[in-house]
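Here the structure comes first, spelled out in structure tokens, and everything after it is commentary.
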């Protein structure tokens, strides 16, 4: 179909999208068959450019602030019309996809992009249904025009690019953004607002299933190990990043994975390595003369990425869903070396650590954060994506854990034997050993030791993991230095938690001085 001599490519195949992208100079083929693209000066999400339209349905329901910035409805209408007119005057690409794998909870989405590669990215990350919108639900529209430049004075944006969610009109406008992760996270934020209304907990987590049907969830910020640890050759992958937990079901919000590529190796991450082939997209990965990806090269960014459909993963849940979780794991990357490799949490501790979301920003996905590593507290292990007040999500989590009897664990994928620069980071095989012990049920009734100050209970033995690692104090040469570091971390937790209005039982479940 054409509009004023411009071609509109609707629901063309992945192979055709690759062909169009290369023909238009949008990217190049790597030796492994993937399409390699560069995203320009933005190599991560841009939180300061993200807005939600303020209207009656959102006015009192959103936690407005630095993360959820309000945008006027009239300004949105003017900008949408401007971007749409601009895009209609050039070739563009349309695909029809679902967001949400469970029949009851999917959103039908018409995704329009100015570039072929971003459409391919959306096809990797969202769900390509056998039949589009069988239930006849109201359609959402994503309009993603990377070559449109916003003018802040005219458009009301913060810069030349923007991401704006409009719940009343079921529209997502993305303009001036080449980093495709914005598209994925925008639709995640949409579901994160809508699902709690249906008594479903939206989660920034990975999920997989064992041979016996047991489900494990892995919560964590980018770089803490969600994708790596859930990609386990002995288990079936549901998904690596975004899920919903309703009564009787855990379902993927997406149909693909978005894996960090920095220092990717076939030995440590075979599932991800094999998934990067024709049909996948590599963002900001450097190629050598033979077009072989050099995953160790971070000259473009620490946040290099691979997008691939779940079909590229051999062992996966065919329907992108499973039952409720036996094990819920909070992954934290602790820079201080204070937290143990694994702690067993009760319900109050689960609520406390879910709300705290303590971790480190590792090779951050956000622009302007630099390549450094720093500690952070990110509520629900994904504060940038949760529009409602944090308590809404925490209450739903505890409700689900209690109803199903899920066991909850805090797993440190960060430092041991000292803080960052002194100690060393837990290696992936050690953490995999911890995860395997959790999934086998070995820790359900394990004998524990209580750690004062940080107020956590750790198992005295974990099959396959060195016992001397389990109590972090034992791994420090200077025990007094450990105690001081523990007090310092406890102070950070206590200070951060002051903003939450919760029961005394939950407050008492955190670190104590």
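Every residue, even glycine, has its Cβ placed from backbone N, Cα and C.
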Per Swiss-Prot, member of 379, 416, 430, 431 binding ATP alongside 185, 204, 220, 221, 222, 223, 224, 225, 226, 227, 228, 269, 305: 431
Site co-member for substrate according to Swiss-Prot, given 179, 185, 305, out of 38, 45, 432: 45
Neighbourhood of residue 224 (ATP binding site), C-beta criterion under 8 angstroms, separation at least six: 331, 332, 333, 359, 360, 362, 413
Cα distance (Å, whole number) from residue 305 (substrate binding site) to residue 228 (ATP binding site): 13
Between residue 241 (Mn(2+) binding site) and residue 185 (substrate binding site), the C-alpha gap once rounded to whole angstrom: 10
Around the Cβ of residue 228 (ATP binding site), the count of other Cβ atoms that are within 10 Å: 24
Binding-site residues compared (45, 185, 226, 305) - highest count of Cβ atoms within 10 Å: 226
All-chain count of other Cβ atoms within 10 Å of residue 220 (ATP binding site): 27
